[in-house]
Amino acid sequence: MELIAACANSFIELFKVGAHIFTGFVTGIIPLVIVLMTAVNSLIKIIGEQRFYHFAKKATKYKAARYTIVPVLSVIFLTSPMCFTFGRFVDERYKPAFYDAQVSFVHPVTGLFPHANGGELFVYMGIAAGIQALGYQLGDLAVRYFLVGIVVIFLRGIITERIYFHMCRKAGRRV
């Protein structure tokens with residue numbers, strides 16, 4: 001009988017811990033995400049959607065912008081998964097590399113812009129909890145994570161572009 005009671009108590013404790021974590025999200029991260037989403041959407045409306053899209057179309061002509069600036073801006077402003085719509089501004093031959101760069105940035109952005117990818121935010125928050133437990137500041141982690149992410153997406157974009165061009169040439173397709 002005691003075993004059954006202990007199992008029942010453990011079962012209820014599991015939900016109490018879940019409720020405590022949920023309360024932390026409701027009073028902490030959820031309002032932050034809502035305010036950030038509102039601010040970013042307001043900024044896009046102030047700038048003007050057409051101007052924003054016109055800038056993106058021109059920027060994708062250049063390799064450095066195509067694999068750094070445009071993916072970063074699209075993830076921050078449009079969030080995941082809407083950010084992938086920016087692929088329409090990219091020349092067809094660069095789309096695989098652009099997508100690779102962009103999809104690789106949806107996680108590193110969460111430290112500074114948690115609204116950008118709610119699905120990955122919980123991973124970052126787990127890492128952040130460990131960093132805080134060690135007594136380190138989250139700002140340092142967020143900035144470093146963001147900067148390393150930019151370097152990684154630039155390298156991935158260039159490498160994927162070269163691999164794609166090589167595979168096309170090998171298959172006899174014109175690039």
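Just so you know, glycine gets a Cβ as well, placed from its N, Cα and C.
All TrEMBL annotations are machine predictions without curation.
Per TrEMBL, the feature transmembrane segment maps to 21-44 (among others). Through the fold, the transmembrane segment (21-44) approaches residues 52, 76-77, 79, 113-115, 118, 121, 125 of its own chain, all at least 6 residues removed from its boundaries and within a Cβ separation under 8 Å.
The transmembrane segment feature in TrEMBL is assigned to 64-87 (among others).
Sequence-distant contacts of the transmembrane segment (145-165), counting only residues of its own chain at least 6 positions beyond either end whose CB sits under 8 Å from a CB of the stretch, comprise 63-64, 66-68, 71-72, 93-94, 96-98, 100-102, 104-105, 107-109, 111-112, 124, 175. Under the heading transmembrane segment, TrEMBL lists 145-165 (among others).
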